[in-house]
Ligand SMILES: Nc1ncnc2c1ncn2[C@@H]1O[C@H](COP(=O)(O)OP(=O)(O)O)[C@@H](O)[C@H]1O
Ligand SMILES: [Mg+2]
C-alpha cells in the first residue's frame, strides 16, 4: 500500500466512525422525541403530579429545574469567575497553583452520586438544611465549579497577550485591563461554556436525589414571597426536578401510564438541553459581534 | 561567522547642560533570570526629538525600550537609574501606572482593542476619570488628527477597530497613546508589520508628532532610522556600542562594529 492508498483508507475509516457517532446520536434523539412528544400536552407541562404515584403533570418539576439552575448559577458563576481570573492572570507558576489545578481536576472527576451523598451528609443532615432547593443548589455548585472555572480560565487565556500589554501600557491596572479589555473579548466563549454547563446541570439527577429531594410539594404560584413555605421561590422547600422525576417514575412510579409519563418527561428534558446548546451558540455569536462592534 | 568586537570600544555621546533631556538612563542593566540581556546602557533622549534604536535582531532593543516605561516589571530584573523629570522612575515605590500615562508605548504588531474605534481611545480616558462627553469627543478628534487618521475614520467611529487596515490600526494605536497626553512616546518597530505606503504615513505622523512629544523608536530598518530620527543608538549583543546624531551614524560611524553593521556585513 502506498501513502496515497493508506490515506484513503484512513479517511474512509474516520468517516465511518463519525457517521456511526452521528447516527447513534440521531437515533437516540429521534427515538426519545418520537416516543415522548405525542404524550406531551399543555396539561402535562403545567399540571401537578400525584406525590405517591407520580402520575399527572410536570409543571412543578419543570419550574424546580429552572429555579435550581438559576440558583446554582448565581452561586457558582461569581466563584468560578474569580477563580478563573485568578488562574489565568494572577497565579504564579508554582506548586501552589498546580495544587489548585489538581484539586479542580479531582473535583471535576468526582462521580455525581458521591457529590450528592456528600451534600446529603453535610448540608441536609449536619447543617440541618433538609431536602431543599438550597441544598441541591450547593451540591450542583460543587459539580459545576470545576467545569466553569476551567472554561473561564481557558477563554481568558486564549485572548492574546498583546491585548494585555496594550492595556497596561496605557496605565491601566491589571484588574482594569482584565475586566474592561480581556473579559469582553473572552465573554462569548465564557457564555457558551456557561450555557453548556447549564444543560448538564439541568439534566443532573444523581446529585439531587439526596439533596433537593424527591418530592415536589404543590406550590402556590401566586405567592412570590421567598419567605412563605408555599412560595415557589422558598429556597428551603424540597424540590424534585424533572430529571429526578424521570428517575423516580422509572424506579418506584406506580402510575398505570408510567412508561408514557417518563417518555414524555424525557422528551421535554432533551428538548430543554437542546435549546440550551442552540442558545449557547446564538448567544455566543451575538455577544461576540456586540463586544467587537462588528456588524 | 560573526566577528568578535570589543565591548570596551564604544562611542556614546552625552549631552551638555544646554540640551533638555526628556528621559535618561544610567547604567541600566536588564536580566532575564540568568540571561544578562542589557549591559550598562547610558543614554539621554533630547526633548522633542526622535531617537532611533537600531541593531540586529536579539541585540536588546526591545528589552531596553520596555524597561523605560516599566513594562518589564514582572518579566525581567532591571537595575540602574531611569531619570524622568528629575525622578528616578526605576524605584520600587514609583507608581508605574502613573508613569505609563506619561511614557506611552506602541507595539510591533498593531494591537487595537476589540472595541469600536472611539472606544479604543476613550476607554483608558474614562478609566482615568474623564467623564464629560464633550471632553471625550474632543480628545478623540484631537488624537486621531495627531495620528493622521481622523479624515479616514471620522464617519465610522463606532465601527470595530479590527475592521481597519494594518496601517490604520497602528495609527489608531498611536492615537490611543497620545490621547493620554504623554510626553514621551516609545515605539517598538511600529512599521514592521506594515506595507510601504502605510509605513510612509506612520513616518510622516511621527515627524509631525515630534513637535509635541519626545519619541524613541526601535527599528531594524536603517533607511527608516535615517529618514525620521535626529539621534541614533546602535545596539549589539546587549551593549550600546555607539550613540551619535543620526547623520554622523550613517555617514561617519566611529567604531568598527557600527561601520560593519551600517555597511551591511551582519544583522
Ligand atoms: N520575555 C523574555 N524572556 C526571556 N528572554 C527574553 C525575553 N525577551 C527577550 N529576551 C532575550 O533578550 C535578548 C534581547 O532580545 P530583544 O530585546 O527582544 O532584542 P531585539 O528587540 O533587539 O530584537 C534576546 O537574547 C532574547 O532572547
Ligand atoms: Mg524587538
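Numbering starts at 1 and runs along the chain as it is shown here.
Glycine is no exception: its Cβ is also placed from the backbone N, Cα and C atoms.
If you look up TrEMBL, you'll see A:62-280 marked as domain 'ABC transmembrane type-1'.
The annotation transmembrane segment is assigned in TrEMBL to A:12-33 (among others).
Only residues 6 or more beyond the boundaries of the transmembrane segment (A:66-87), in the same chain, are considered here, and those with a CB under 8 A from a CB of the stretch are 97, 100-101, 104, 133-134, 136-138, 140-141, 144-145, 148-153, 155-156, 178, 183, 194, 198, 201-202, 208, 212, 232-233, 235, 239, 241. Per TrEMBL, transmembrane segment is recorded for A:66-87 (among others).
Same-chain neighbours of the transmembrane segment (A:99-123): 83, 87, 91, 129, 134-136, 138-139, 142-143, 145-147, 149-150, 204, 206-211, counting only residues six or more beyond its ends whose CB sits under 8 Å from a CB of the stretch. TrEMBL lists A:99-123 (among others) with the feature transmembrane segment.
Residues annotated as transmembrane segment in TrEMBL: A:129-148 (among others). For the transmembrane segment (A:129-148), the list of distant contacts is 64, 67-68, 71-73, 75-77, 79-80, 83-84, 104-105, 107-108, 110, 112, 115-116, 118-120, 123, 193-194, 197, 200-201, 204, 207-208, 210-215, 234-239, 241: same-chain residues at least six beyond its ends, Cβ to Cβ under 8 Å.
Among the features that TrEMBL reports, transmembrane segment is placed at A:179-198 (among others). Same-chain residues lying 6 or more positions outside the transmembrane segment (A:179-198) and placing a CB less than 8 Å from one of its CB atoms are 69, 73, 77, 85, 89, 144, 147-148, 151-152, 154-156, 158-159, 163-164, 166-167, 172, 276-277, 279-281, 283-285, 287-288, 291-292.
Among the features that TrEMBL reports, transmembrane segment is placed at A:258-280 (among others). Residues 29, 32-33, 35-37, 39-40, 44-45, 54-55, 58, 61-62, 65, 191-192, 194-196, 198-199, 202-203, 242-243, 245-246, 249-250 of the same chain, all 6+ positions outside the transmembrane segment (A:258-280), place their C-beta atoms under 8 angstroms from a C-beta of that stretch.
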